[in-house]
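**Student:** Below is a structure I'd like to ask you about.
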Amino acid sequence: MLFFLARRLLAAVPTLLAVLTLVFVIVRIVPGDPALVILGDQATPDAAAALRAKLGTDRPLWDQYAGFMGRALTGDIGTSMVTGRPIAAEIAAVLPHTLDLTLAAMVFGILLGLPAGIWAALHRNRAIDVAARLLSLLGLSFPVFVSGIFLLLAFALHWRIFPVIGSADLADPLDRLHKLLLPAMTLGLVMAAYITRVTRSAMLQSLGEDFIRTARAKGVPHRRIVWVHGLRNASLPIVTVVGLYVGILLGNSVLTEIVFNRPGLGKLIVGALNQRDYTMLQGLMVIYCVLIVAVNTATDLLYGVLDPRVRAA
Amino acid sequence: MSEPLLEVEGLRKHFVTTKGLLRRRRVTVRAVEDVSFAIGAGEAFGLVGESGCGKSTAARALLRLIEPDAGGVRWRGEDVLAARGARLKALRRRMQIIFQDPYSALDPRQRIGAALTEPMRVHAIASGAEARRRAAALLDEVGLPPAVLDRYPHEFSGGQRQRIGIARALTLEPELIVADEPVSALDVSVQAQVLLLLRELRRRRGLAFLFVSHDLSVVRWFCDRVAVMYLGRIVEEGPAARVLAQPLHPYAQMLRDASPVPDPARRGTLPRIRGEIPSAAAPPPGCPFHPRCPQAIARCTGSLPRWTALPAGQGGVACHLHG
Amino acid sequence: MRADGAASLTWIGGLLCLAVLLAALLAPWIAPFDPAEQSILDRLQPPGGDHWLGTDQFGRDILSRLLWGARISLTVSLGAIGLAMVVGGTIGLVSGYIGGRLDLFTMQVMDVLLSFPSLILGLIVVALLGPDLVNLVIAIALTAIAPFARIARAPTLSLKERAFVEAGRALGYSHARILFGHILPNILPEVLVMATLWLATAVRVEASLAFVGLGPKPPTPTWGGMTRDGFETILDAPWLAVFPGLAILLLVLGLNMVGDGLRDATDPKLRHE
C-alpha cells in the first residue's frame, strides 16, 4: 500500500509539469503582443517596451519557459500587475471561500445524486426512472448562472430563507454555513445530476453481474445486495465521475461566485480579466492546475483503497 | 517445378512488447523464427500447425501486411521486401488474401458493389459501369446473384460473406491467394461448399494457393504440398499425401494421430497430444519440440536439428532422429 | 410509461432544438421589433402588452433580442463544435491509426487538455484573444478538441485490427484511403452523437462567457449578455434575467435530450441490455 501511495504521488509530478507547460503554451500562443493587448488604446512604443521588460516577454522563449517553470515549482507565482501585491497572498486570502463552496457542492451533489441514481436503477424503465432521467438531464443542462439566478429569486428574494449575498465571516461557522447553503446548492445541482446518471448506469451494470445473481440465489437479503454488494462495485465509476467533476465544479464556481457575489478564485479571475491583470491570470491558472492535479491524484489513491486490483497493477 | 512463383527464405518476425509500468521488461515473442519454402505456379501449398505456431504471421509477413525482421521474399525473382510505392502496389495485385473471419473482413459501411469496384479503381483496371459489370461477373463466379451489389455486409451469412471476400480477392486477378484458415470460422455445413468453390477457382483460373490451416484433413484434400510449423519453424515439408499419412517428425506424427480418424476401430487407442505448446516468448533450447517429444534423445536438448532433405522429391525434415 | 418514455424525451428535445433553429433562421422576419432599437419611454416594461416578454433598461424588446440572440448562440456553438470535431477527430483518427509513441504522446497532451475545466480554459483564451465571434469559436473549440480526439481514437484502435483494414492494405489502398474512406465512416455515428452532447456544452460555455462579460460587443444581443444585464436589475425587473436564462436552459436541455437519446440508440452495449 505504501509503495502504491508513493508511486501514485510520483506519477503526479510529470502530470503537473505537463499542465504547467500547457499554461505557458496557452498564455504564449496568443497571436500578437500581450503588451499591446494589455495596454489597449494607451499603447505607446515606450510603454509597450517597458511592459514587455516587466513581463519578461522580450526575452527568448526558452528563457521565459525555464523561468516560469522554475518559479512555479518553487511556489513563486509572481505579483499582480495591477495591485503589486504577491498573487499567492491574494489567492490565499480567498481560497478558503472557494474550497468551502466546492466541497459543500460536492457533498450536496453526492447526498442528492447517489440515492436518486440507486432509486432509478431499482425502478428501471418505469415512471420513476424516466422522471429521474428527465430531471437529471434538466439538472445538467442548467448553466450555473441560470440556476443560481433562479434559486436566488426563489429562496432569497421570494421566500427570504437565505441571504442574497454570500460573503461570510470566516471566523463564524454558523454564518459561514448559512451563507454557503444557497451557492452550494446551485453549484451542487449539476453535480447531483451527473452523479445520478452515473450511479444509475453503474448500479444497473453491477446488479447484472454473476456474483449478484449468486448472492440472490444464496438468499442474501435484497437490501444487503443493493447497498453492500451492488454499491461497492458501482463505486469505481462513481468515484471517477466525482473526481472528473471537481474540475468542472471549479470552473462553475466562477459563475456561482459572481451570482452570489461571494469572494473566491472566481471573483479574482473576473477581476483580473476586467483589469487585464495578465500576471494574475497566469498565477490563477497555475493554482487551478495544482488543484486539479491534486484532485486527480486523490481520485487515483481512492481507487487503490476501493479496488485491490488497482493496487497490484 | 521450373521457376517458382514465390520463394520465401529465412523469414523471421519477432514482436517486442513492453510490460510493467515502472520496471519495464521487454518481452520478445518469436512468432516466426526461420521459415523457408517455395510455391510454384498453380500449386496449392499448405502451412499447418497448432494455433500460435506462427503460420498466420508468416503468411502476413510475406504479403508485407506486417514487415518481417529478416529473410527474403521473391516473386518471380523480384525482391518483395525491397519494393516500395508503385512497385509494391503492382506486386499487391499478384498476391491476395482471404481471411479467417468473414465478419470482420468486410467494411460494414460499404456496399458490396463499392467493395468490389474500389480495388479496380485504385489499380485503374476498370471504373464506372465496366467495373460494376466485372463485379457482377465475379459475384456470379463465386455463386452469388448480381443483386448482392447493392447490399451491405450485415445482410449476409458467414458463408456468403466469405464468398464476397473471395470475389474481392479476385478483383485484381492475382496469381497467388493466401487463404488464412478460410473455412475454420464457418459452419461445418458451409465449409465444404466454400472449399469446393476454392478448388474450382483454382482449377479454372490456374491459381496458386498458400493454404494456412490447422485442419489436416482439409489441407490433405486441398493441397499438393504441405509444411508443418512448430514454434516459428518448419519441422517437416513434402508432398501432402506423404507428410500427412507417413510423417517422419514426431510432432507431425502427433498432429496426424490427433486429427479425427474416419476408422472407428482405431479411435481411442491413440496417444493424444502431450503437453502444452511452449510460449513463443520463451522457446526451449535445442529442438523446440523436445519437451513434448515422446522420442526425445540427449542431442535434442543440446542443439537445433539441421534441415535434412529426403530423396526423390519427398521433401525434408528437421529432426535429430532423421539427421 | 415504459422504455418509450425515453424515446419521447428524444423527440421533445428535437422539437426544442428545431424551435431555436427556426427562431435563429427567421429572426429578421418574425421579430416584432428591431433588437437594437432603444426607447426611453418603454424602459423596463413588464411582460404583456405590446412587448410580450417586456423590455430592458434601454426599452429594447426582449422577445426580439432573444430571437436574434439565438443566432449568436447557434453560430458560435456550431462553429466551435464543427471545428473541434474536425481537428479533434482527425487527431484521434491519425493518432490511433499510427499508434506507438506518437499516439501515447498525443493522448497525454489531450489528457492534460481534458483535465482543464472548459469554462476556465475558454475564459482565459477569450480573455487573451479578445472577445470577437471568431475568437469565441476558437476558444470554445479548443476546450472540446480533446474529447473528440478521444472519442475518435478509441474505435480507431479496434477497427484498425479488423481484417477489412488488412484487406485494404493487401489491395494496395493508401493509408489515407483506409483511414478516411473506411475507418472514418465507421466511427462517424459515435462522433456525431458526441457532437450533439458537446454542442450543449458549447452553448452553455458561450452563454457563460457572455455572462462573465466575454461576449460579442454590447449592441449584439446574446443570451448570456442579456442575462448579465438583467441580473443588474433583478430586484426591480426579474424577467430580464429569467427569460434569456430560460432560453439558454431550453436549448441546452433540448440538445442534451437529443444527444442522450441518440447515444442510447447507437450504443450496441445498451441496445442488448
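Note that Cβ sites are derived from N, Cα and C of the backbone, with glycine treated the same way.
Below are the features listed in TrEMBL for this protein:
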- A:95-303: domain 'ABC transmembrane type-1' (DOMAIN)
- A:9-30: transmembrane segment (TRANSMEM)
- A:103-122: transmembrane segment (TRANSMEM)
- A:134-157: transmembrane segment (TRANSMEM)
- A:177-196: transmembrane segment (TRANSMEM)
- A:234-260: transmembrane segment (TRANSMEM)
- A:280-306: transmembrane segment (TRANSMEM)
**Student:** Give residue numbers and ranges for long-range contacts of the transmembrane segment (A:177-196): same chain, 6 or more residues beyond its ends, CB-CB under 8 A.
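**Tutor:** For the transmembrane segment (A:177-196), the list is 100-102, 104-110, 112-114, 116-117, 120, 132, 135-140, 142, 144, 147-148, 151-152, 155-156, 162-163, 165-168, 238, 241-242, 245, 248-249, 252-253, 256-257, 259-260, 262.
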**Student:** Quick check for me: are there 3+ Cβ pairs below 8 Å between the transmembrane segment (A:103-122) and the transmembrane segment (A:234-260), leaving out pairs under 6 residues apart?
**Tutor:** yes
**Student:** For the transmembrane segment (A:9-30), what are the same-chain contacts with Cβ under 8 Å, counting residues 6+ beyond its ends?
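**Tutor:** Same-chain contacts beyond the ends: 37, 61, 64-65, 68-69, 72-73, 281-282, 285-286, 289-290, 292-294, 296-297, 300.
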**Student:** Same chain only, please: residues at least 6 beyond the ends of the transmembrane segment (A:134-157) with a C-beta under 8 Å from a C-beta of the stretch. Say none if there are none.
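**Tutor:** For the transmembrane segment (A:134-157), the list is 116, 163-164, 182-183, 185-187, 189-190, 192-194, 196-197, 252, 255-256, 258-260.
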